[in-house]
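Asker: Okay, so Swiss-Prot annotates it like this:
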CARBOHYD  N46  N-linked glycosylation site
CARBOHYD  N91  N-linked glycosylation site
CARBOHYD  N153  N-linked glycosylation site
CARBOHYD  N184  N-linked glycosylation site
REGION    73-112  region 'determines site-specific fucosylation'
TOPO_DOM  1-14  topological domain 'Cytoplasmic'
TOPO_DOM  35-359  topological domain 'Lumenal'
TRANSMEM  15-34  transmembrane segment
Amino acid sequence: MDPLGPAKPQWSCRCCLTTLLFQLLVAVCFFSYLRVSRDDPTVYPNGSRFPDSTGTPARSIPLILLWTWPFNKPTALPRCSEMLPGTADCNITADRKVYPQADAVIVHHREVMYNPSAQLPRSPRRQGQRWIWFSMESPSHCWQLKAMDGYFNLTMSYRSDSDIFTPYGWLEPWSGQPAHPPLNLSAKTELVAWAVSGWGPNSARVRYYQSLQAHLKVDVYGRSHKSLPQGTMMETLSRYKFYLAFENSLHPDYITEKLWRNALEAWAVPVVLGPSRSNYERFLPPDAFIHVDDFQSPKDLARYLQELDKDHARYLSYFGWRETLRPRSFSWALAFCKACWKLQEESRYQTRSITAWFT
């Protein structure tokens, strides 16, 4: 009796078939996994296809819209992480199509002040969008400020009490030894210069000049005066010992490129007419400039400048600060990056009265 003998081949075939099916199933699963993994488009914030091992969520990049170019002159948009080390980058654009998505809108006052109701953004603003009022002009040259009230959340200007402080210039310490050559006094062949564009006969600066020039020769450049071809300003002004850094209007902190660029970059001693001496001394050493308020009359100022012209040691004393400090100047790109930094450092949302603050 051998009833099991004929059944062995049938059992072996079933076992082999089962094994083959299992291996086929494993192979299909493996190749399916490879295909999905290869085709998966996910890229994580760390730049790889795999999540950051720290588990830190990605920080969104603020989108900043420049509603207008300042003075309608486009400028190169910076990488703020390079311009302000330690600052994360922002997406900065002048393309108004992004207005509905923008985290912030910078409005330069000069371009919207003529017709605010038509020139300010008119579409509804998204929740949390912050508007930044921006001006480098004094209140005397900013029209229709009341029309700005109730719209803006942050201020950006030359005023030191702005939410975003953007001065026309500042001093910073040298890192190491001063990199500039000593003053070449022999190249200072002329005495006093003044470059002026807006000539208002009744303005404080023109009235003071008219009294001063009765006692002292002043070379005046600009409209209706001596020609100053573009690109020759520094070369021309560097021949002078003194420069009249007279502001077009008198307001706190309104100390403009007339001092920071025209005078200091030309290595001319600035003779200033603007805010008080104490206001200037918030930004400059007291022996870095001459203030008209230090003299009882323009005649006394003229006499003092003539004395300095003959006394080289006293004249050179106005440059002592340059051994430890150097002047730096404003740029639009830097202003935009300061706004970028502020938006990421502070989430405060408020509505300010521009009129109450600025005037």
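Positions of Cβ are set from backbone N, Cα and C atoms, glycine also.
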Asker: In the region 'determines site-specific fucosylation' (73-112), how many residues does DSSP assign to helix, to strand and to coil?
Answerer: 14 helix, 8 strand, 18 coil
Asker: Measuring CB to CB from N91 (N-linked glycosylation site), give everything in the same chain under 8 Å that is also at least six residues away in sequence.
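Answerer: Correct list: I61, P62, L63, I64.
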Asker: For the topological domain 'Cytoplasmic' (1-14), report the average pLDDT of the model, please.
Answerer: 41
Asker: Once the chains shown are all counted, how many other Cβ atoms turn up within 10 Å of the Cβ of N184 (N-linked glycosylation site)?
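Answerer: That number is 9.
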Asker: Looking only at Cβ atoms, how many others are within 10 Å of the one on N153 (N-linked glycosylation site)?
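Answerer: The Cβ of N153 (N-linked glycosylation site) has 18 Cβ neighbours within 10 Å.
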Asker: In whole Å, how far is N153 (N-linked glycosylation site) from N184 (N-linked glycosylation site) when you measure between their Cα atoms?
Answerer: 49
